[in-house]
Amino acid sequence: MDITKENYYEELDNIAKNIKDSCFISFDAEFSAILTKESFKYSLFDTNEERYNKYKTQISTMKMMQVGLTMFQYDRELDAYLATGYTFHLCPQLIGTINQSLIFQASTLKFLCKHNFDFNKFIYEGLPYLSKSDEALLNRYRIENNLFDYVSESLEFDEEKQINQCSSEVSKWLSSSIEDTMYLDIDNAICRYLLHLELRQRYPGILTTDSLGNSKKILIYRDKNVEGAKNAPIAILEDNLIAYLLGFLHVIKLLETHKKPIVGHNMFLDMLFLHNQFIGPLPDSYTMFKKNINSVFPTIFDTKYISHAMSKKLTFSESWKSNALQDLYEFFAERKCKKLEYGINIVRLTTPFDIKQSYHEAGWDAYCSGYCFIRLGHWAACENRGKSHVIGPREKLAALAPYCNKVNVIRGGVSYMNFSENDPPRNRPVLLHVKCLKDTVIDVEKVASLLGSFGSIDIKPCGKRAALVATGAQFMVDKILKTYENNRDYRISKYSVYKHSVAGRFAIWSGSIVTGGLALYLIHKKFKSILL
């Protein structure tokens, strides 16, 4: 189901109920841009902290324009999952000094057009949102009784014009009509809040309240002392305004409250965007970033990482093309997994997706991630308990517990990021040290071209005459070492901190000097004692 500002508040109770009743929730998002510059290129040298530091300053200029959530409920009697999917269309907003901005890239626009992204829905019907830090700012102005002035700062000309026109209508009604009440239709929640307070200030004798059954109408009484009616309390008006401005943050808070497992595919960037857009600006500290995410989403599963780890249990003939989301979903949906020939759960959508549905639509991709999670969990549970048992969500979650809070890291020094514990030590093959024997300055591009024939590598200088090479597989290391064993142009060996780094060599020389000096001192002392 598409969720925009037109139907969000009508559906919010249903969304809340589906979140509460679910056994897990899958997530996906579509972005306005991606990091493509050379400085953001994935590298096998990267630690997770270095990767985070590369991205944190640039993420603020990019936004999630679509968020997909699918709530999976389990029916034990039918041994089936019921999936309810939502696609939330989000659009930045201006309120006071909060001027949410974003950039688009031509390549991203082309990609989104290819996958039928609805830009009109994004711009005209997009749901507003704030982060928790934005909410704290609004509440501070509210406590200081400055919320009215703060919100007024960002009024556009058309909004000011509407407020003035409505005020004139009320003035005319008061002077020329005998009716006791008057209604104003105000769709804009910000204008509605401001108009309540503006009218009370201009015409102290009137009473304003929200119309029963229609929150977009302002009901005005000529006499504020009329029996049975009273002004809508300012606190209620402020609550309503902030509730509107928070927008999609209500859903984030529901996810935080109910602590349901969150499932996604390749979630590293998703977590960066989620933090920046709904928690607050990304912190300088990588550790604090992980802590903040874990406090909101304490249980995360990444099907990209899980499938990577479990693929080692498949034979070559039964493995998937790749563990990209589309390939993984089709592998399971087309029942190509021989590990899942018996007893798999039915997964049924409450509202089917459009027959022309394509990948890279957030709602559909979220569903696909959840579907793959169910199949991976079933496979893992079967290995633990056998194929004859009914396997519900608890058994699946227990079987996948070793992968909990481990988010895939693409082409980095380690294969995953751990949001609840320390990250793992580097688990890539040993680095190679390449020394140029003929030239005084190593040609890094030439070395990259030569060694690139062995497979995908990353390379960086290590002094004037040497470079470090990172590979993705041990067989590449072995093959390179064997091929260049007696090469006259380059000496290639396994990298050693003590042997090849300046600090390491300095430590060795310092140790040698200290050891030598101590030995001379002892010899001198011994010789002196003999003479005496």
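In case you wondered, yes, glycine gets a Cβ from its N, Cα and C as well.
DSSP assigns Glu30 (Mg(2+) binding site) to a strand segment in the three-state reduction. Annotation for Glu30 (Mg(2+) binding site): spatial neighbours Met64, Met65, Gln66, Leu112, Phe117, His360, Glu361, Ala362, criterion Cβ-Cβ under 8 Å with sequence separation of six or more. If you look up Swiss-Prot, you'll see Asp28, Glu30, Asp270, Asp365 marked as Mg(2+) binding site.
Taken from Swiss-Prot, the feature transmembrane segment applies to 503-523.
In terms of local Cβ density within 10 Å, Asp365 ranks first among the binding-site residues Asp270, Asp365. Cβ contacts within 10 Å of Asp28 (Mg(2+) binding site), excluding its own Cβ and spanning all protein chains shown: 30.
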